[in-house]
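J.: First the structure, which I've put down as structure tokens, then a few questions once you've had a look.
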Amino acid sequence: MSSAAGQRCWGWLAAGRASRRLVLVVVFIALLLDNMLLTVVVPIVPTFLYTTEYKGPSSSDAQAQTELAPPASKAPPSSFVFSYFDNTTVTVLGSLSTVGLGNSTESRLPPQPHTSSPPSPGSCLEGEEFLDEENVRVGLLFASKALVQLLVNPFVGLLTNRIGYHIPMFIGFTIMFFSTVMFAFSGTYTLLFIARALQGISSSFSSVAGLGMLASVYTDDFERGNAMGIALGGLALGVLIGAPFGSVMYEFVGKSSPFLVLAFLALLDGALQLCILQPSKISPESSKGTPVSTLLRDPYILIAAGALCFSNMGVAMLEPTLPIWMMQTMCSPKWQLGLAFLPASISYLIGTNLFGILANKMGRWLCSLIGMAVVGISLLCVPVAKTIYGLIGPNAGLGFAIGMVDSSMMPIMGYLVDLRHTSVYGNVYAIADVAFCMGFAIGPSTGGAVVQAVGFPWLMVIIGVINIAYAPLCWYLRSPPAREEKIAIISQECPMQTKSYTTQKTLQDLPLCGGSNVEAEDVE
């Protein structure tokens, strides 16, 4: 009986390793956990740094306030000041034992005047200068992940060409587990910064290897678009769950709790990768991929990468600046800081799954063009909101539009490589991830400084106008020429020997001239 059960188990594993759907499940879960960790820190870090590092008004200010207070008769020598997180300050004079003893009385000063009425928008939190500085520090902390990922991506692309996708995927899981545990037990800004940078390394391995693996498994362009849409649905679901999950757990359980839950889920993901992907197996690509430098000279790949960068830069700028702006202008409690991103996450999840199928029918270039325009309009509407309910519409439009762009551009990157270069996908998805990371590196790092200089509304205007201005460039992706088409045109106008860049898929239906195949063979 045990031998039969073991045979069935091995048979299931063998079938799973040959199944494209299980590979898609592995990539989906890896992107889900990576982006949960990406966004779970968004509502936690600003309030955590405020509560741990802001010391309140200086002692000289407190002494000046006590000198201005009217003296009470028979005032006792001791006084106590209680300062709460919501900035309610109550000054109590006298001991607790003076109530009801003979003719002795209880002497108590009234609360500060601003606590008796609703706070004005500009006085929700103490320490305006501290919050302005925190905009920059939180932005740099969030950007550290993308900066590190930006540096590591090209090396991961080369590594996948040499040893395949399975081992880099497992390396990404291992580093993400240690990063998550470090987040759970970090109590200073420096340790949080290091944990965020480690997450950048793990994201580079997971995203480049995962997307490249999907592109190599799903060779048909229509199937690849659907698979990319589902995988990006995992990314969207991680963004959807991360911020609300982090804010609620931090408010009611504690800072470490959301990270420990993510660490446990990461262990389950590692066990699944061990069963399905065989990360000890080296499987290099059968053909040499196009160098990154050659891909970066392709204008069509650069346009697609730019669309990914600028569309995601908008939400990247919102992550460090929107919670602090809400704390200053809306007096929002901690649990609302994460829920503000919920409409964007839900609409992103809908957009990626919907346009993974529709984009192929309506044209991926048109889907991206409309998406970038809607991103810009949504960002322009964010500063108009006066309450958290006013953020629902702009954030929902922002998430839906970014889902349109991402679900269109990721398959286009693979299609451009098939059409114009060698069908090896590690390097091109390294470029796509670099573009994504540039948005999340430039956005938070510059967003805090721009807010400090000109204010949050002008930041939204700047990035919104940039997205609207970039949108028309997506028109050039409507019908990109194949490499063989260019050679055919050149050979018809001026007969000369040219070098042919062939893909793994033969493109015999293209209008090649009579002797082009012979010339290509002579060159090789």
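Note that Cβ sites are derived from N, Cα and C of the backbone, with glycine treated the same way.
Pulled these features from TrEMBL for this protein:
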TRANSMEM  22-45  transmembrane segment
DOMAIN    23-482  domain 'Major facilitator superfamily (MFS) profile'
REGION    103-125  region 'Disordered'
COMPBIAS  110-121  compositional bias 'Pro residues'
TRANSMEM  170-195  transmembrane segment
TRANSMEM  201-218  transmembrane segment
TRANSMEM  230-253  transmembrane segment
TRANSMEM  300-318  transmembrane segment
TRANSMEM  338-358  transmembrane segment
TRANSMEM  365-385  transmembrane segment
TRANSMEM  397-417  transmembrane segment
TRANSMEM  424-443  transmembrane segment
TRANSMEM  455-477  transmembrane segment
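I'm curious about the neighbourhood of these features; can you describe it?
T.: Residues 24, 27-44, 47-48, 210-211, 214, 261, 333-342, 344-346, 348-349, 351-353, 356, 399, 403, 406-407, 410 of the same chain lie 6 or more positions beyond the ends of the transmembrane segment (230-253) yet place their CB under 8 Å from a CB of it.
Listed as Cβ neighbours of the transmembrane segment (338-358) (distance under 8 Å, sequence separation of 6 or more from its ends, same chain) are residues 39, 42-43, 225-226, 228-230, 232-233, 235-237, 239-248, 315, 318-319, 322-323, 326, 332, 367, 388, 391-393, 395-404, 406-408.
Beyond its flanks by at least six residues, the transmembrane segment (424-443) meets 142-143, 145-147, 149-150, 153-154, 156-161, 165, 200, 204, 207-209, 211-212, 215-216, 285, 287-292, 295-296, 301, 304-306, 308-317, 319, 409-410, 413-414, 416-417, 463 of its own chain at Cβ-Cβ distances under 8 Å.
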J.: Between the transmembrane segment (455-477) and the transmembrane segment (365-385), are there three or more CB pairs that fall under 8 A, provided the residues in each pair are separated by 6 or more in sequence?
T.: yes
J.: Counting only residues 6+ away from its ends, which parts of the chain sit with a Cβ under 8 Å from the transmembrane segment (300-318)?
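T.: Residues 142, 146, 341, 344, 368, 371-372, 375-376, 378-379, 382, 398-399, 401-402, 405-406, 409, 412-413, 416, 420, 428, 431-432, 434-436, 438-444, 446-447, 459-460, 463-464, 466-467, 470, 473-474, 476-477, 480 contact the transmembrane segment (300-318) from elsewhere in the chain.
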